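A quick write-up on the structure given underneath.
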Amino acid sequence: MKILLANPRGFCAGVSRAVETVEKVLEVEKSPVYVRHEVVHNKVVVDSLKKKGVVFVKEVDEVPDDAVCIFSAHGVSLQVEEAASKKNLVLYDATCPLVTKVHRGVRLASNNDAECVLIGHKGHPEVQGTMGQYRSEKGAIYLVESEQDVAKLDIKNPDNLYYATQTTLSVDETQGIIESLKNRFPNIKGPKKEDICYATQNRQTAIKSMLKEIDVLVVVGSQNSSNSNRLKELATLEGIDAYLVDNPADIKSTWFENKKVCGVSAGASAPEYLVQQVITEISRVCEGDVVVEEFDGIKEEVYFPLPRLLKQKIIGTN
């Protein structure tokens, strides 16, 4: 059997920055180090950081006063920021810069008393953080997940309206909803196209480009990873068997019976070493009869610098 490796795959710049932030904070600060929410949606990464002394909490209320705390890559609401400030925490913000861009857009809309529509998945931590950027008493922020939701919107002033999107959605996922918004509210304003997360789109494009070449797909990523689930869905929608795995132990030999080409990719929160371990396990269950090839794709060269406070601490300790 042949294994085709999707490109790009795995860690995006925002995830790399978040994980590196936690690891560097562990070096420059005294334990324990608290992280609000899973820093990224990957069980293996989170478990590894727990072993190094990181304490993950759901809310800042669980963090002792004056302690060291990190915000996850998904970002937080203004209410969470204020709660952290009251506790006098040593705070490092690992929010993805692309999420921060979305936050700025929503806050600007709020400051202008414009109502806001957010395209995203209900309950996702990024969505909760973005919704929590809106404070205007003269308007509201609405969450839509489908074109049907757009039809139900009751907007107070359609001439002063803004929309934003969850970063882990792709252009393909949001296109129909955005068109529905523009059809119903012709004066609605939105972000620039380049504000859309490059990583989500690139990883989905990579999968789409190899679908005609494969008859089974394995995606390395956790069940609670939005972008990993989308990668799997791209294959299943085309009638291709697809599986989402946290680690090599999830691999089953029956998946590859009578299969000729297996595609392998990874969500934006999955490290490359996990991908290589999964490949090794696939080769083992296929009794070594495997050839591995890289599938050509977009080359990513995006880098996000560490939080300013952390860079200052690193310089101060050297």
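Quick reminder: no glycine exception, Cβ is built from N, Cα and C everywhere.
According to Swiss-Prot, the residue from CYS96, CYS286 that belongs to the [4Fe-4S] cluster site alongside CYS12, CYS197 is CYS96. Checking each of the binding-site residues (CYS12, HIS74, THR167, CYS197) against GLU126 (active site, proton donor), the C-alpha distance stays within 10 Å for HIS74, THR167.
Considering only the binding-site residues CYS96, THR167, CYS197, HIS74 (isopentenyl diphosphate binding site) has CYS96 as its nearest partner by CA-CA distance. Among the binding-site residues HIS41, THR167, SER226, ASN227, the ones whose Cα sits within 10 Å of the Cα of CYS197 ([4Fe-4S] cluster binding site) are THR167. Over all protein chains present, the Cβ of CYS96 ([4Fe-4S] cluster binding site) has 26 other Cβ atoms lying within 10 Å.
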